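Positions annotated as transmembrane segment by TrEMBL: 17-35, 42-60, 72-89, 94-115, 127-147, 154-174, 197-218. Sequence annotations record features per position, and here TrEMBL assigns domain 'TM7S3/TM198-like' to 24-218. Summarising the annotation, TrEMBL assigns region 'Disordered' to 312-337. Sequence annotations record features per position, and here TrEMBL assigns compositional bias 'Low complexity' to 327-337.
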Amino acid sequence: MIHERCDLTLPTEYDSHWIIAYVSLAFVGLFYGIFGYRCWRLTMFITSFALSSLVIYIVLKTQPTLNEFQLIMISCSIAILFGLVNTLLEYIGLFTNGFCFGLILSIITFVVVHIKDQAAGTITTTTIWFVIGLILILGLICATLALRFQKFMLIIMSSCLAGVCQVLVLDYFLQLSTLFRFTHTILLLEKPPDLCFRHWIIILIQPIIMLLSISIQYSCTGRNYDHRDSWHKIISTGKKHYKTANLNKIRRHYERDTLRQQIIPDESNRFRHFYHLRRAHGDALSSDFIQNMRQQSSTAVCLTSNNTINTSPIIPTGTRPSRKTTDSTTTTLTHLI
């Protein structure tokens with residue numbers, strides 16, 4: 001049995017339906033590895049669609065009245081709606097992708113622990129509730145981290161999914177999904193068959209692809225790109241009179257001390273510059289000019305009262321031009337006061 005499983009000959013018979021499915025999965029993994037962060041909304045849609053369709057298919061599989069075609073159609077139709085919700089609502093999509101990443105980590109952790117116990121010869125009583133609890137704990141932790149560190153977690157999640165997709169494709173074309181059946185047997189809490197050396201080589205491809213994908217996205221496709229600004233650019237497409245403003249950059253620009261000194265050289269003299277501008281353009285009167293006019297008007301009023309009391313009709317010659325000049329200014333002063 002072990003000799004048959006370790007045979008290095010490639011399989012010759014493939015199912016045409018599974019070939020189409022796994023070739024599509026290979027392209028999806030390539031997309032995850034290169035453009036996983038750049039096209040992050042499409043990444044969230046594909047991940048949410050795959051996760052929801054798988055869960056709904058497993059739930060509906062218990063119904064004996066539905067055939068295979070009906071199960072696939074119902075699962076895909078509901079999964080499309082769920083994928084659109086995760087695409088349009090950013091935080092729900094991030095939470096779902098983070099939970100999917102935690103699901104993958106929990107499965108890998110459980111398989112590694114099971115293989116370690118099997119190699120050590122220790123028998124542990126594991127229940128299905130342990131698997132469910134591990135999935136919930138790691139899923140919620142990764143979902144919370146995805147909401148907090150969005151760019152970092154999006155790149156890590158897409159790179160991990162790229163590695164998983166490529167491992168599944170190689171597992172099918174090289175050994176007809178032996179690793180997939182091995183993992184499924186462990187999750188069912190049954191005794192799995194022994195793995196061969198070539199199986200471990202295929203497993204080691206996953207971290208290699210993951211590291212390569214992280215380096216590509218950080219250095220090329222995800223460099224100088226912020227996913228939080230992409231949705232605003234999509235909304236404002238075709239509206240040339242609306243431009244997206246980076247408010248944080250504007251705040252940092254105006255908080256600089258050099259810019260404040262250019263605008264207001266001396267903050268103690270800002271009102272003096274303000275009044276100079278208003279007096280130069282003629283919008284209103286400056287404070288010095290208003291005070292001078294008030295003094296002249298008070299002097300003119302005092303002189304007029306003295307002239308009415310005195311019987312002498314002599315009027316000082318120096319007061320005539322000031323009376324004429326203050327006629328227009330007194331009207332302005334009454335409005336200003």
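Cβ atoms are placed via backbone N, Cα and C, with glycine included.
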> Where else in the chain does the transmembrane segment (127-147) make close Cβ contacts, counting only residues six or more beyond its ends and a cut-off under 8 Å?
Replying inline: 91, 94-103, 105-107, 109-110, 153-154, 157, 187, 189
>> Checking distant contacts: for the transmembrane segment (154-174), what same-chain residues at least six beyond its ends satisfy Cβ-Cβ under 8 A?
In response: 10-11, 14, 18, 22-23, 25-26, 28-30, 32-33, 36-37, 40, 43, 47, 94, 97-98, 100-101, 104, 146, 180, 198, 202-203, 205-211, 213-214, 217-218, 222, 227
> Same chain, outside the transmembrane segment (42-60) by at least 6, Cβ under 8 Å from its Cβ: which residues?
Replying inline: 28, 31-32, 35-36, 66, 71-72, 74-76, 78-80, 82-87, 93-94, 96-97, 100, 103, 154, 157-158, 161
>> Can you work out the mean pLDDT of the predicted model over the domain 'TM7S3/TM198-like' (24-218)?
In response: 89
